[in-house]
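Q: Before we start, here is the structure in question, set down as structure tokens.
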Amino acid sequence: MEPGNEWFATGSSDRTIKLWELASGRLKLTLTGHISAVRALTVSHRQPYLFSAGEDKQVKCWDLEYNKVVRHYHGHLSGVYCMSLHPTIDILLTGGRDATARVWDMRTKACIHTLGGHTNTVADILTQAPNPQCSCLVHCTAGDNGSLHFWDWKTGYNFQKHQTTVQPGSLDSEAGIFKCLFDVSGCRLLTAEADKTIKIYKEDDTAVLCSDGPTQDILGMQSVSLFVCSAPHPQIAENVALTLNSLALILKRTLLSHSPTGANVGDIYEHAGKDRIGLPSQTLVLSKGTQQLVPRRALQTVRPEWHPPWKLMRVLSGHLGWVRCIAMEPGNEWFATGSSDRTIKLWELASGRLKLTLTGHISAVRALTVSHRQPYLFSAGEDKQVKCWDLEYNKVRH
């Protein structure tokens with residue numbers, strides 16, 4: 001849905017993107033460029049940009065003033081199945097069948113973080129909505145094998161992993177998560193799952209940060225238990241410089257600089273110091289605990305904010321098939337889910353009570369979105385139909 005609430009976009013396995021007028025349902029525009037099915041779309045809140053991703057591994061940025069592609073984001077090794085935008089800054093998030101999620105600078109096309117850890121397709125990715133109660137936001141990624149990962153958005157640090165447990169009566173193969181969604185406040189996370197349920201998670205308000213032993217020398221820690229500490233004795237740094245010279249010789253590069261304090265041991269350059277090697281793994285610092293050279297990249301990722309863990313609060317049942325999609329009402333009072341049982345259900349957010357069931361699709365419902373101003377709900381399904389539901393009368397308008 002376009003933020004101005006005048007049009008919406010759809011992507012299809014016919015490799016096209018179509019823009020539709022909201023009021024009349026008239027087709028405005030058809031965009032072509034993908035060479036395989038279009039799997040994800042999102043619209044910028046500030047610029048006239050539409051982002052698309054598909055089975056062809058391509059992530060495209062469309063300028064809707066000129067109706068053409070202005071940027072490509074390259075890096076995924078297989079189909080890209082999900083995408084979202086950071087709520088406040090120009091950052092794009094994508095995830096796909098290569099089991100990775102990527103965080104992109106929207107303007108420069110640079111990949112800021114590659115979020116690994118999933119063992120199967122990343123089915124959805126999103127960033128927590130800004131919340132005065134939360135000083136630091138999180139990314140959330142969901143896998144079609146039931147894995148749910150939480151990441152510090154600044155550093156890309158994976159601070160929590162959760163594996164969903166299927167409900168009684170469901171098969172182990174029905175552990176997939178197809179869609180996840182933060183509520184408007186950012187305090188609750190909802191997941192649409194293959195075991196026919198909707199799960200609601202919330203940050204644990206009772207969790208506290210504990211510390212054992214002295215920490216004044218510790219700058220941070222990676223998930224591989226590598227400590228990066230304060231500067232060592234200068235003599236150690238001098239000895240390490242010899243190691244760097246050997247490393248430069250092996251890499252056939254020129255060592256240009258190092259710091260005698262040991263805080264920055266050295267940088268590897270090529271072409272007689274004119275071009276620094278772009279790979280962060282070739283910029284090194286010294287670990288006091290192990291007296292080993294480690295990538296400076298560790299220093300960029302070792303200081304994640306502390307986040308309280310997310311815990312499961314409620315499980316909602318009612319659908320008879322996989323829950324494929326979910327959408328939140330802007331007032332944060334209810335949300336809608338679509339399923340392979342061909343129904344759309346509306347639920348109260350606070351109580352989890354089922355409010356309404358809408359029928360009309362003749363195949364699985366694959367996508368939902370709610371209008372920001374009018375009481376309209378939009379749905380799309382495997383029956384090739386896109387429907388506009390008037391929620392005052394609970395019937396299809398277009």
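Cβ from N, Cα, C; glycine included.
As annotated in TrEMBL:
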- 1-30: repeat 'WD' (REPEAT)
- 31-72: repeat 'WD' (REPEAT)
- 73-114: repeat 'WD' (REPEAT)
- 316-357: repeat 'WD' (REPEAT)
- 358-398: repeat 'WD' (REPEAT)
Q: Below 8 Å between Cβ atoms, which of the listed ranges 1-30, 31-72, 73-114 makes the most pairs with the repeat 'WD' (358-398)?
A: 1-30
Q: Where DSSP helix means H, G or I and strand means E or B, what are the helix, strand and coil counts for the repeat 'WD' (31-72)?
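A: So the repeat 'WD' (31-72) is made up of 0 helix, 24 strand, 18 coil.
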